[in-house]
Structures are given as structure tokens and as C-alpha cells.
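J.: The structure under discussion is supplied below as C-alpha cells; questions concerning it will follow.
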Amino acid sequence: MFGSLLLAGSRSPLARRAVSGFPLTRKVVERFVAGESPDDAVTATRRLTGAGLAVTIDHLGEEVRDTQATIDAVKAYVTLLGALRPLELGRRAEVSVKLSALGQALDAPMALDNARRICEAARDCGSTVTLDMEDHTTVDSTLEILRALREDFPETGVAIQAYLFRSEGDCRDLAGSRVRLVKGAYSEPATVAYQKKAHVDMAYVRCLKILMEGTGYPMVATHDDRLIAITELLADRNDRDRDSYEYQMLYGIRTDKQEALAGAGSRIRVYVPYGDDWYGYFMRRLAERPANVGFFLRSLRGK
Ligand code: FDA
């Protein structure tokens with residue numbers, strides 16, 4: 001219930017102004033966001049890759065309303081990828097892209113062209129792109145754009161949200177590709193998505209089975225210990241070696257677990273968001289865990 005309120009707030013301009021206006025908010029945001037500039041993202045990348053983790057970097061921004069904002073978003077990714085190139089990290093540093101930041105709602109062919117430019121820049125530095133998945137109204141369009149991108153950039157990945165009823169079918173269609181499986185972070189109606197946590201978790205396992213039995217590269221994006229244990233069982237059952245799938249977690253969340261997985265020889269990639277448009281991302285992280293709201297409120301009171 002509280003989580004739903006926070007998710008509603010994540011799309012409210014009024015709440016955006018109120019939360020962003022608190023001077024102390026920034027300190028709390030830093031727990032989940034690597035910084036505002038490409039240099040901040042590169043610094044976090046150096047630190048994480050130096051510790052044996054891989055990264056996927058997200059330039060924060062979503063639901064843009066004009067063409068200029070989409071041009072700025074492409075520029076931000078191209079600049080970032082240019083700054084990563086000398087590090088020669090290849091696929092250890094990829095980028096995550098929200099199509100709504102590239103104009104998906106304004107003009108889908110324009111969003112495809114924009115995404116292509118980012119894929120080209122990623123390929124130039126030996127890296128690749130994964131498309132984030134946003135609310136359920138965007139899934140068909142995102143998968144269509146993915147199909148078009150994969151003609152030239154077959155390594156392009158996509159996130160699939162286990163909470164959507166349709167996702168088992170999407171996993172079957174994509175079982176030969178790079179797929180990031182997530183539980184799902186948006187407020188969705190009961191007509192399209194499981195509402196109870198236990199049902200979402202069971203759906204996650206069904207999707208995971210399909211991906212682990214397939215020939216693609218599953219990217220198991222969760223902080224949930226039970227799902228990580230199930231992934232290990234499925235890897236064993238399907239004779240998958242540790243290079244044939246990876247775990248993914250969010251920047252600043254369960255860093256001890258991230259390091260433990262890397263230390264145990266698993267592939268683990270950290271999703272590193274940077275930029276000044278952190279509001280929607282930040283609110284979704286608060287919605288996932290009530291304890292984060294307590295942490296936020298205590299910081300606002302200066303405690
Ligand atoms: P769950 O929420 O059940 O959490 C399991 C445990 O992890 C918790 O008990 C807690 O210990 C810890 N935890 C989880 N979230 C936390 C938080 N915010 N703060 C502190 N601890 C926390 N969603 C989407 O709709 N589209 C997308 O493209 C993506 N992309 C994406 C990439 C990556 C790399 C990750 C890890 C996640 C996403 N997500 C996403 C978000 C995803 O849908 C989901 O909301 C979160 O991962 C939380 O779900 P968990 O699987 O971690 O389980």
C-alpha cells in the first residue's frame with residue numbers, strides 16, 4: 001500500500017518538486033546514484049571493475065517530452081561511452097537505456113534511430129546495450145524496437161518483468177538472447193500483473209527456468225537470496241558454466257552480497273545510475289523497501 005503511494009508519487013510533478021527541493025535529499029540520493037557527471041560514472045566504474053564486478057551504466061532520465069531532450073540523452077551516452085573507451089573494459093562496462101528517454105512516446109522510429117546511435121557508440125568500444133523495461137504500456141513497442149536493433153546489434157539485451165502475465169511467453173520468444181530478468185518496479189493493474197509478492201516470486205522462477213533452459217545469456221537481476229539459490233540449482237541442472245549467465249544488482253544495494261558473489265567466482269554486474277534526473281529512479285527504490293523511507297526521513301531530520 002505504502003509502496004503503491006510512493007510509486008504514484010514517482011510520477012507526480014508536485015511530489016517531484018517537494019522531494020527534490022529538500023537540501024538534504026541529495027545526501028540520501030547518493031546512496032543509490034553514483035553522481036551527476038560522466039566522470040562520476042567513470043569513477044564508480046573504475047572502482048567496481050577494479051573489485052572484480054562488471055557494470056551497466058544508466059544515464060538517468062525518462063519520459064522526455066521534447067525532441068531536444070532525446071538529443072541530449074543520446075549525447076550523454078555517446079560522451080560516456082567515449083570516456084569509457086580508454087579503460088578497455090569491453091563488455092565489463094555496458095550501458096542500460098530507457099527508451100522513454102529517447103522519445104518512445106513521441107515518435108517510436110525516432111527512438112529507434114536514437115537507440116541505434118547509442119548501440120553504434122557501444123560497439124565502438126567493444127561494449128553493448130541493454131534496454132530497460134518501463135511500464136506495461138511500453139512493452140510491445142520496446143520489444144519491437146529490440147527486434148529492429150538486434151538485426152544490426154544482435155548482442156542487445158532487454159529487461160523482462162516477471163510480474164507481468166505475458167512475460168513467460170516473452171521469455172520463451174527471447175530464450176536465445178541476452179535477457180535481464182527482474183521482478184518489475186512499476187505500479188501495474190491487476191488486469192496485467194501479479195499483485196502479491198509470493199505470486200511475483202513464483203512467476204520469476206517460471207521465467208528463470210525458461211531462460212536457464214534456453215540457449216541465451218540470462219541476466220538474473222535480483223537481490224533475493226532464494227532466487228539466487230534457485231539460479232544455482234538451475235545452472236547445475238542445465239549444465240551451465242558460470243560464464244553462461246550473470247547476476248545483476250543495483251548500485252548501493254546489498255554491496256556485501258555483490259562482493260561475495262564475485263569472490264565465489266560468479267559473474268556479477270552492478271547497475272550504476274548517474275545524472276541529475278534521479279527522482280523517478282530514487283522513488284522506485286524507496287517503494288521497494290520501507291526501511292529506505294525511514295533512512296530518508298531520518299536524514300531529512302539531520303539524524
Ligand atoms: P525484493 O524486492 O523481494 O528484494 C529482495 C531483498 O533485496 C530485500 O529483502 C532486501 O533485502 C533487498 N532489497 C531489494 N530492493 C531493495 C532496495 N531498494 N533497498 C534496499 N534493499 C533492497 N525493474 C523494471 O521494472 N525494469 C527494469 O528495467 C529494471 N532493471 C533492473 C536492473 C537491475 C540490475 C536490477 C537489480 C533491478 C532492476 N529493476 C528493474 C528493479 C526490479 O524490478 C525490482 O524492483 C528490484 O530489483 C527489487 O526486486 P528484488 O528482485 O531485488 O526482490
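Including glycine, each Cβ sits where the backbone N, Cα and C put it.
Caution: TrEMBL annotation is automatic and unverified by curators.
Keep in mind it's a predicted model, so treat the numbers as computed, not measured.
So TrEMBL lists the following for this protein:
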DOMAIN    43-295  domain 'Proline dehydrogenase'
BINDING   LYS98, ARG284, ARG285  substrate binding site
BINDING   MET133, GLN161, LYS183, GLY184, ALA185, LYS197, THR222, HIS223  FAD binding site
J.: Would you say which of the binding-site residues LYS183, HIS223 has the most Cβ atoms within 10 Å of its own Cβ?
T.: LYS183
J.: Taking each of the binding-site residues LYS98, LYS197, ARG285 in turn and counting other Cβ atoms within 10 Å of its Cβ, which one has the fewest?
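T.: Each of the binding-site residues LYS98, LYS197, ARG285 was scored by Cβ atoms within 10 Å; lowest is LYS197.
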J.: So of GLN161, THR222, which of the binding-site residues has the fewest other Cβ atoms within 10 Å around its own Cβ?
T.: THR222
J.: Using Cα-Cα distances with a 10 Å cut-off, which of the binding-site residues LYS98, ARG284, ARG285 are near MET133 (FAD binding site)?
T.: LYS98
J.: ARG285 (substrate binding site): which of the binding-site residues LYS183, ALA185, LYS197, THR222 is the nearest Cα neighbour?
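T.: Sorting the binding-site residues by distance from ARG285 (substrate binding site), the top entry is ALA185.
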J.: Using DSSP reduced to three states, classify GLN161 (FAD binding site) as helix, strand or coil.
T.: strand
J.: What span in Å does the FAD site cover, taken as the longest CA to CA distance among MET133, GLN161, LYS183, GLY184, ALA185, LYS197, THR222, HIS223?
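T.: Farthest-apart Cα atoms in MET133, GLN161, LYS183, GLY184, ALA185, LYS197, THR222, HIS223 are separated by 19 Å.
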J.: Just checking a number: largest C-alpha distance across LYS98, ARG284, ARG285 for the substrate site, rounded to a whole Å.
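T.: Taking every pair among LYS98, ARG284, ARG285, the longest Cα gap is 16 Å.
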J.: Please work out the number of neighbouring Cβ atoms within 10 Å of the Cβ of ARG284 (substrate binding site), leaving out its own Cβ.
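T.: So the number of other Cβ atoms within 10 Å of ARG284 (substrate binding site) is 18.
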J.: Could you state the whole-number distance in Å separating the C-alpha atoms of LYS98 (substrate binding site) and THR222 (FAD binding site)?
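T.: Their Cα atoms are separated by 19 Å.
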J.: Looking only at Cβ atoms, how many others are within 10 Å of the one on GLY184 (FAD binding site)?
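T.: A count of 21.
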J.: For the domain 'Proline dehydrogenase' (43-295), what is the mean per-residue pLDDT, to the nearest integer?
T.: 95
J.: State which of the following binding-site residues has the fewest other Cβ atoms within 10 Å around its Cβ: MET133, ALA185.
T.: ALA185
J.: Can you give me the Cα-Cα distance between LYS183 (FAD binding site) and ARG284 (substrate binding site) in Å, rounded to a whole number?
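T.: Cα of LYS183 (FAD binding site) to Cα of ARG284 (substrate binding site) measures 13 Å after rounding.
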J.: Report, in whole Å, the straight Cα-to-Cα distance of ARG284 (substrate binding site) from GLY184 (FAD binding site).
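T.: Their Cα atoms are separated by 10 Å.
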